[in-house]
Amino acid sequence: MTTYRADRRAWYALSVLTVVYAFNFIDRQLLAILQESIKADLGLSDSQLGLLTGFAFALFYVTAGIPIARWADRSNRRNIVSLALFVWSFMTAISGLVQNYFQLLLARVGVGVGEAGGSPPSHSMISDMFPPAQRAGALGFYSTGVSIGILFGFLLGGWLNEYFGWRMAFLVVGAPGVILALVVRFTVTEPQRGLSEARTGSEQSASLNEVISLLWRQRSFRHLAFASSLYAFVGYATANWTASFMIRSHGMSTGELGSWLALIIGVGGAVGVLGGGMLADRLGRRDDRWYVWLSALVTLVALPFAIAVYQMPSAGGALAMMVVPAILSNVYLGSAIATSHRLVGLQMRATASAILFFVINIIGLGGGPWIVGVVSDLLADQHGVESLRLAMLYVLPPVMVWSGFHFLCAARTLREDIAAAPE
């Protein structure tokens, strides 16, 4: 354990944790670009694909997440991140060896359990390395791992599938994470709890029930968690089904499509989440409510473009309309994590992240891909290959509006809830 604050060691640790988070989403996103090939090879339906990437994955991800976060609030967080990375990378690699749907489902469950140990300990470490005025920006930087992971997941997965098949893609992408796990274990230093706020972290760790009760009493957190989960519903459904939509409705190949989606969703999303966290910190110095007002604003801006994506007659038009929603898709994330940490005590932060991510992933990750897949199957008899386009058009824009409403509701009591938070 070290007493470093926001110096070069902190930035090194943040950079490594961001790469780990990128691997989290490379391994998670890989299935999205490969699923049309997997569907044909294993004879799957859209509902089964949605279950693989949605509810089945999310159920085990969130079930494992809270006990792992409790472990992280009491022990060495770096070691937990390293172990988690090893587990999910190994399970990704063996996904390339499966012979049927049930085996692939078990492998994805293993990926979910491993990935559950990545974010909550990392969030807690980052909050100890960076003071509150820089925290949303630091967590925004960390959250660029989502977009970087999507970028490489689409890019590598698309071209590996094109030339070597989907099984080789899983094997090639999973293996490097095992090496990165050793880098985390032997080069990243565990930070002292509370140092960024000149607090020693000597308080006793609260029970899980106490943390849940504290957060759930705060109206701002309830609305923030629900708003974030609804936006994640849209984000996960989009990330999971966009490749299939473009292949079915516009006839694109996985290699070409992977390159375009890597650029639009990967690079665009990274710019948005990093810029969003920095902008939230800047605006938040004037008024804490900007941490949620900004998320409501970007939801409104993204909405018409998100609708237009599914009404464009050409692949180029659809890709062009994706740019703005892609940039704005994860603006909320750094602010949501930073805000949840301000509502709890020092040794509650990993647990607070896990509770926030529990809601986000049950509703967003669990519901988004699966519900769109179910609606697509229901529309398939009447609309054929266009059923997926219509499912995304009918489901996603209304959920975006619903999300924006709850971000606005969260702002109403946010300042009071922050002021009443425990030391």
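Glycine is no exception: its Cβ is also placed from the backbone N, Cα and C atoms.
As annotated by TrEMBL, domain 'Major facilitator superfamily (MFS) profile' applies to 13-415. Residues belonging to the domain 'Major facilitator superfamily (MFS) profile' (13-415) score a mean pLDDT of 89 in the model.
Residues 53, 57, 81, 85, 88-89, 92, 111, 115, 118-119, 122, 125-126, 129-130, 138, 141-150, 152-153, 156, 173-174, 176-177, 180, 183-184, 187-189, 191 of the same chain sit 6 or more residues outside the transmembrane segment (12-28) yet have a Cβ under 8 Å from a Cβ within it. The transmembrane segment annotation in TrEMBL covers 12-28 (among others).
Residues 28, 31-32, 35, 38-39, 80, 84, 104-105, 108-109, 111-113, 115-117, 120-121, 208, 236, 240, 244, 351, 354-355, 357-358, 361-362, 365-374 of the same chain, all 6+ positions outside the transmembrane segment (49-68), place their C-beta atoms under 8 angstroms from a C-beta of that stretch. As annotated by TrEMBL, transmembrane segment applies to 49-68 (among others).
Per TrEMBL, transmembrane segment is recorded for 139-160 (among others).
Annotated transmembrane segment per TrEMBL: 166-188 (among others), in sequence order. Long-range contacts of the transmembrane segment (166-188) within the same chain, counting only residues at least 6 positions beyond its ends with a Cβ under 8 Å from a Cβ of the stretch, are 12-13, 16-17, 19-20, 23, 26-27, 30, 34, 37-38, 41, 78-79, 81-83, 85-86, 88-97, 153, 156-157, 160.
Taken from TrEMBL, the feature transmembrane segment applies to 224-247 (among others).
Feature annotation from TrEMBL assigns transmembrane segment to 259-279 (among others).
The feature transmembrane segment is assigned by TrEMBL to 291-312 (among others).
The transmembrane segment feature in TrEMBL is assigned to 318-338 (among others).
Tertiary neighbourhood of the transmembrane segment (350-371): same-chain residues 47, 49-51, 53-55, 57-59, 61-62, 65-66, 68-70, 72-73, 77, 119-121, 123-124, 206, 208, 211-212, 215, 224-226, 228-238, 240-241, 336-337, 340-341, 343-344, 395, selected by CB-CB distance under 8 Å and a gap of 6+ residues from either end. If you look up TrEMBL, you'll see 350-371 (among others) marked as transmembrane segment.
Residues or ranges marked as transmembrane segment by TrEMBL: 391-411 (among others).
Between the transmembrane segment (259-279) and the transmembrane segment (139-160) there are 3 or more Cβ pairs closer than 8 Å, counting only residues 6 or more apart in sequence, so the two stretches are in contact. Between the transmembrane segment (391-411) and the transmembrane segment (224-247) there are at least 3 Cβ pairs closer than 8 Å, counting only pairs 6 or more residues apart in sequence, which means the two stretches are in contact. With a threshold of 8 Å between CB atoms, the same-chain residues lying at least 6 positions outside the transmembrane segment (291-312) that come near it are 136, 220, 224, 227-228, 231, 234, 245, 272, 276, 279-280, 283-284, 318, 320-325, 328-329, 331-332, 335-336, 338-339, 389-390, 392-393, 396-397, 400-401, 403-404, 407-408, 410-411, 414. Non-local neighbours of the transmembrane segment (139-160) in the same chain are 14, 17-30, 32-34, 122-123, 126-127, 168-169, 172-173, 239, 243, 254-259, 261-263, 265-278, 280, 330, 333-335, 337-338; each lies 6+ residues outside the stretch with a CB under 8 Å from one of its CB atoms.
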